[in-house]
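The domain 'SRCR' annotation in TrEMBL covers 1-59, 64-159. Residues or ranges marked as disulfide bond by TrEMBL: Cys30-Cys40, Cys128-Cys138.
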Amino acid sequence: QLQGGRAVRIHGSAAFGRGSGPILRDEVGCEGHEEHLWDCPAALEHDCSHKEDAGVVCSEHQEWRLSGGRDGCAGRVEVYFRGTWSTVCDSSWYKLESSVLCRTLGCGEPLRQLSFGHTLPSRMLYQCGSQQPSLAHCQWTYNKSAPCHQSRAAGVICNG
């Protein structure tokens, strides 16, 4: 439903923190063919609290960090994807991509773009056509050597 690939880990007991507001589903019994979570059979009434909130980590989940800078808002762009940290190719890394990342990290807007050497084993390439909620919403390519050929690792200093 979320276009996140497949589930690689499931969590119960509010592992990602307790939610708030109404509880919409309880005793969900999906069979695997449903298009949406609300297509799955579930209890009409719930008898649970937010301490039972469910969570999942999807195979296409991406997390980002800026490493090597003075704080978490400056440094080399790295992405955690498929179980490993990777550098990001600077061949299509422009102000728009930097802006999307700085906002995603809660670091404001980009001040400067930097480049570093690739020292991690894997590489990711991002291309954003417009401002997006995160880099995962942009076009991305993982571990394809041609688009990253002769690139350096992207970096950014955000104003946050």
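Positions of Cβ are set from backbone N, Cα and C atoms, glycine also.
Across the fold, the C-alpha of Cys138 (disulfide bond) and the C-alpha of Cys40 (disulfide bond) stand 30 Å from each other. Cα of Cys128 (disulfide bond) to Cα of Cys40 (disulfide bond): a distance of 34 Å. Each residue of the domain 'SRCR' (64-159) gets a DSSP state, and the totals for helix, strand and coil are 20 helix, 41 strand, 35 coil.
Shown in sequence order, Arg25, Val28, Gly29, Cys30, Glu31, Glu34 are the residues of the chain, 6+ apart in sequence, with a C-beta less than 8 angstroms from the C-beta of Cys40 (disulfide bond). According to DSSP, the secondary structure content of the domain 'SRCR' (1-59) in residues is 6 helix, 9 strand, 44 coil. Least packed by the Cβ count within 10 Å, out of the disulfide-bonded residues Cys30, Cys128, Cys138, is Cys30.
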